[in-house]
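See below for the structure under consideration.
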Amino acid sequence: MAIGLDLLVQFFPNFASIVLAATGLAIIFGIMGVINLAHGEFIMVGAFSTSLAYNGGIPFLPIDALPGLSRLIGAMLFAALVTALFGLLVERTIISGAVPNWISERTLGRPVVTPLYDRLLDSMVATWGLSLIMVQTFRNVFGNSLSGVPIPFGELSYGNSSIGLYQVLLAGVAAFVLIALYLVFVRTDYGMRARATIQNESMAQSLGVNTERTYMATFALGSGLAGLTGALYTPLLSIEPGLGSVFLVDAFVAVVVGGSSVVVGTLLSGGLLGIVDTLFSNVYGTFAGRIALLIVAIVLIRFIPQGLSSLVERLRERRLEVD
């Protein structure tokens with residue numbers, strides 16, 4: 001009983017970190033066909049923005065005047081917004097090439113940039129270059145580190161062990177994010193247009209869907225979620241350039257293992273990989289847990305190349321055929 005409780009408690013932070021890191025990447029990949037290797041740096045933007053806002057490093061933003069927890073929440077929301085706006089800028093300039101093409105059409109008479117939608121290798125190279133630029137820029141501007149923020153709440157004791165209540169809260173936030181995304185994709189006009197674009201972009205355009213705006217909103221949403229992840233983990237991390245690399249591998253593996261469905265795929269991959277990491281880390285150590293996670297991911301990709309969400313979809317179709 002005690003061992004089971006200990007494993008469950010250790011599972012919470014593993015599940016939260018994988019799900020929160022993967023959701024933004026999964027949305028952008030699933031809808032736009034873009035692999036954003038700068039996703040970790042978007043998380044870094046969220047963490048840096050939170051630290052600056054919380055510690056009064058932004059003169060026009062008097063968040064530091066707020067009391068305690070309200071101050072931290074305000075800084076986190078500000079960070080998510082900043083990262084979403086930065087993502088919108090990246091989408092307009094690098095991913096879609098809309099801004100460079102607008103300039104070139106007025107100077108050269110023709111567009112010069114081809115959008116990166118559904119160009120996996122090209123998008124990987126472009127965003128990898130962006131990630132290198134971002135890390136070095138942040139290091140030059142802010143130095144090697146920023147002041148952190150305090151961890152809210154205390155610890156929960158159970159038996160001879162304890163866990164921070166904030167880490168348990170992060171698992172709840174991860175679940176809330178998945179539920180919120182499900183409602184967004186099922187109940188909102190944006191969700192309907194996004195699903196139509198995924199199914200058939202040309203047909204969606206012929207039916208009046210502005211796919212360009214859909215892609216803009218998608219990249220901004222995915223970037224905002226990355227910023228929120230960085231903001232949420234600011235109390236737990238050292239705020240330094242390159243911190244996003246801690247999340248990128250898990251996020252990338254979770255997206256590939258999960259498949260095209262953002263909510264179902266991320267939930268299944270986050271849960272499964274979190275369990276594997278927890279079990280092996282508890283018995284053999286953290287390094288063994290990471291190796292086991294990657295081995296399981298490789299096996300799943302080999303036998304279920306379309307991801308866990310495709311397996312769920314096939315099982316659902318078979319059940320409908322039987323009925």
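Using the three backbone atoms N, Cα and C, a Cβ is placed for every residue, glycine included.
Keep in mind that TrEMBL annotations are predicted by a computer and have not been checked by a curator.
What TrEMBL records for this protein:
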- 15-35: transmembrane segment (TRANSMEM)
- 42-63: transmembrane segment (TRANSMEM)
- 69-90: transmembrane segment (TRANSMEM)
- 125-143: transmembrane segment (TRANSMEM)
- 163-185: transmembrane segment (TRANSMEM)
- 215-239: transmembrane segment (TRANSMEM)
- 251-275: transmembrane segment (TRANSMEM)
- 287-305: transmembrane segment (TRANSMEM)
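Stretch with the most C-beta contacts under 8 angstroms to the transmembrane segment (163-185), considering only 125-143, 215-239, 287-305: 215-239. Of the candidate ranges 125-143, 215-239, 251-275, 287-305, 251-275 contributes the most Cβ pairs within a distance under 8 Å of the transmembrane segment (15-35). Residues 250, 253, 256-257, 259, 272-273, 276-281, 311 of the same chain, all 6+ positions outside the transmembrane segment (287-305), place their C-beta atoms under 8 angstroms from a C-beta of that stretch. Same-chain neighbours of the transmembrane segment (125-143): 34-41, 44-45, 48, 90, 94-95, 116, 241-242, 244, counting only residues six or more beyond its ends whose CB sits under 8 Å from a CB of the stretch. Here the transmembrane segment (215-239) has Cβ contacts under 8 Å with residues 17, 20-21, 23-28, 31-32, 34, 36, 39, 42-51, 54, 72, 75-77, 79-88, 90-92, 95-96, 117, 145-152, 166-167, 170, 173, 177, 190, 194, 197, 246-247 of the same chain, all six or more residues outside its ends.
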